[in-house]
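Q: Annotation comment: Swiss-Prot describes 73, 74, 75, 110, 111 as substrate binding site, evidence class sequence analysis. The annotation active site is assigned in Swiss-Prot to 125 on the grounds of sequence analysis.
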């Protein structure tokens, strides 16, 4: 069942008024593939625009907080934790993981996915002058905890909470 559609098939925001406040958490990831020389420039701190990872981290945090402004049917949430981690993966990629938490009536999957996506876009923006062939890939939800639908772990069967 698509929860964002009413009985006539019109888009609407889900009413969470009567849902219990519970602890909720989500973790998402994204990868940015690039030339090895581009990754080396980022890791060594040699980028003329500054610390690429620091800027991407802040962009991801800001994006999580702005998710409801970007995705029309997302509820505005009072997130209590946002963490964005960036690390070199092999010699040609950056792996981004983003986690979001709150005590609330709806999940934080979209906030975590938005954080990872915007951090990846920020890396692309900062490095496009030296590597226009970068690829943002594998944006996905890794884990979701809390709420009625239970515990989800990517690549595993759904686990109830």
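Start at 1 and count along the chain as shown; that gives each residue its number.
For all residues, glycine too, the Cβ spot is worked out from N, Cα and C.
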Q: Determine the minimum-neighbour residue: among 73, 74, 110, listed as binding-site residues, which Cβ has the fewest other Cβ atoms within 10 angstroms?
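A: Relative to the other binding-site residues in 73, 74, 110, 73 has the fewest Cβ atoms within 10 Å.
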Q: Neighbour count, 10 Å Cβ-Cβ cut-off, for residue 75 (substrate binding site): what number do you get?
A: 15
Q: Between the Cα atoms of residue 111 (substrate binding site) and residue 125 (active site), find the distance and write it as a whole number of Å.
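A: Per the Cα atoms, residue 111 (substrate binding site) and residue 125 (active site) stand 21 Å apart.
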Q: What other residues of the same chain, not counting 73, 74, 75, 110, 111, have a CB atom within 8 A of the CB centroid of the substrate site?
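A: These residues sit around the substrate site: 67, 68, 71, 77, 106.
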Q: Quick check for the class: what is the C-alpha distance, in angstrom and rounded, between residue 125 (active site) and residue 75 (substrate binding site)?
A: 28
Q: Tell me, by DSSP, whether residue 75 (substrate binding site) is helix, strand or coil?
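A: SS state of residue 75 (substrate binding site) = coil.
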Q: Counting other CB atoms within 10 A of each CB, which of the recorded positions 111, 125 comes out lowest?
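A: Sparsest of the recorded positions 111, 125 by Cβ contacts within 10 Å: 125.
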Q: Mind computing the max CA-CA distance among 73, 74, 75, 110, 111, which the record assigns to substrate binding, rounded to whole Å?
A: 12
